[in-house]
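Contents: one structure, followed by commentary.
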Amino acid sequence: MYSRKSLSLISKCGQLSRLNAQAALQARRHLSIHEYRSAQLLREYGIGTPEGFPAFTPEEAFEAAKKLNTNKLVIKAQALTGGRGKGHFDTGYKSGVHMIESPQQAEDVAKEMLNHNLITKQTGIAGKPVSAVYIVKRVDTKHEAYLSILMDRQTKKPMIIASSQGGMNIEEVAERTPDAIKKFSIETSKGLSPQMAKDVAKSLGFSPDAQDEAAKAVSNLYKIFMERDATQVEINPLSEIEHDPTHKIMCTDAKFGFDDNASFRQEKIYSWRDLSQEDPDEVKAKKYDLNFVKLKGNIGCLVNGAGLAMATMDVIKLNGGDPANFLDCGGGATPETIKQGFELILSNKNVDAIFVNIFGGIVRCDYVALGLVEAARELEVRVPIVARLQGTKVEEGRDIINKSGVKIYSFDELDPAAKKVVELTQN
């Protein structure tokens with residue numbers, strides 16, 4: 001739901017426990033949009049952003065820079081990852097953010113960026129594909145602040161986090177000078193009052209001349225958060241600008257997240273989705289109506305129920321193992337969903353074993369057992385499978401497994417099953 005930075009910041013502000021922060025990360029189900037789309041949305045709400053244009057070819061980059069009619073330009077690779085400036089491309093070309101001074105430079109840099117993968121600390125070694133660049137005018141900043149809006153899970157209310165120290169790693173600010181971080185809790189029934197917007201603006205450290213526009217920007221950012229079903233609005237930096245005739249305050253970098261559950265009423269926003277930026281297995285899982293998040297371990301997990309899935313991963317860790325994924329097949333575990341889940345798990349070449357943990361309430365364990373046996377045969381599974389089944393029709397389920405001739409280690413209890421799957425991966 002939130003970026004790692006925001007979750008860490010909330011935790012340091014005493015709003016979320018570490019456990020809740022991890023759970024929120026593992027349940028990430030939101031849309032992120034490219035920077036040029038974020039700027040488009042901000043402008044629709046009357047919020048200042050540096051003038052700029054996206055480009056999808058080197059020739060378009062040349063024309064975009066020409067249209068801006070200045071030698072003070074920035075070109076940014078459009079990839080949904082942090083740390084673009086410190087990243088590098090799969091060709092060895094350095095940095096996803098470059099200062100440029102001419103249309104020809106824009107074209108030359110775009111050639112290096114477009115249709116290549118940008119690799120940062122957040123992407124892993126594969127990187128993220130770059131199919132667009134964003135060319136913007138450089139602005140002269142007088143002061144940089146930080147502002148984010150998100151839901152506080154503790155109070156169940158929207159919360160604004162503000163700091164007069166922006167344009168840097170906000171986590172470091174929270175550690176070094178926690179008093180520099182201000183929090184404002186908003187009653188959803190009342191909304192953001194003009195007075196609170198002014199209080200937030202005042203906390204950002206802008207000059208008196210810029211206070212009114214800053215308060216208006218805060219109000220409009222909150223409108224975006226509420227009207228567009230956002231899960232996160234993060235502006236870093238929110239800048240006071242010098243020598244600009246149109247705006248004293250500008251969002252010079254923005255990050256948004258939008259709630260997937262509201263996609264049906266945010267069709268325009270969701271038309272901006274870039275599937276090339278998402279993990280293909282997670283995209284496939286969504287089509288299957290499975291909740292899947294890839295992790296870094298070697299034990300594939302298939303479980304029904306998010307809470308049981310979290311507990312299963314905990315038990316694996318407690319026994320010295322490392323989960324390769326979070327996979328909740330929900331209350332509709334069927335032979336088909338079992339097979340789809342196995343396909344997702346086995347697409348990860350790091351998986352050395354599969355752990356199936358099913359509690360049969362609505363779900364019948366004999367159906368699950370049939371699915372396990374069919375999936376193991378059809379997919380020619382070569383890694384060990386450990387299955388812990390409990391609940392409705394469990395005896396019939398165990399009987400199906402035992403008579404199948406397929407090598408599946410069947411258990412009644414969770415802890416012995418977890419120990420077995422860890423043992424199998426270690427041997």
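Yeah, the Cβs are placed from backbone N, Cα and C, and that goes for glycine too.
Taken straight from Swiss-Prot:
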type: TRANSIT; residues: 1-30; note: transit peptide
type: DOMAIN; residues: 39-284; note: domain 'ATP-grasp'
type: BINDING; residues: K76, G83, R84, G85, E144; note: ATP binding site
type: MOD_RES; residues: S102; note: phosphoserine
type: BINDING; residues: N236, D253; note: Mg(2+) binding site
type: MOD_RES; residues: S263; note: phosphoserine
type: MOD_RES; residues: S276; note: phosphoserine
type: BINDING; residues: N304, G361, I362, V363; note: substrate binding site
- Shortest C-alpha distance to G83 (ATP binding site) - which of the recorded positions S102, S276, N304, V363: S276
- Query: Hey, for the substrate site built from N304, G361, I362, V363, who else sits with CB inside 8 A of the CB center?
  - Reply: G305, G331, A333, I358, F359, G360, R364, G391, T392
- Query: In whole Å, how far is S276 (phosphoserine) from N304 (substrate binding site) when you measure between their Cα atoms?
  - Reply: 28
- Set of same-chain residues at least 6 away whose C-beta sits under 8 angstroms from K76 (ATP binding site): E35, R84, G96, V97, V133, Y134, I135, V136
- Task: List only the single closest residue to V363 (substrate binding site), chosen from the recorded positions S102, E144, D253, S263, S276 by CA-CA distance.
- Result: S263
- Note on the structure: Within 10 angstroms of the C-beta of N236 (Mg(2+) binding site), the count of other C-beta atoms across all shown chains comes to 22
- Other C-beta atoms that fall within 10 angstroms of the C-beta of S276 (phosphoserine): 13
- How big is the ATP site in terms of the longest C-alpha to C-alpha distance among K76, G83, R84, G85, E144, in angstrom? 20
- For the binding-site residues I362, V363, work out the Cβ neighbour count at 10 Å and name the residue with the minimum. I362
- Message: Of G85, S102, D253, S276, which is closest to I362 (substrate binding site) if I measure between C-alpha atoms? They're all recorded positions.
- Response: S276
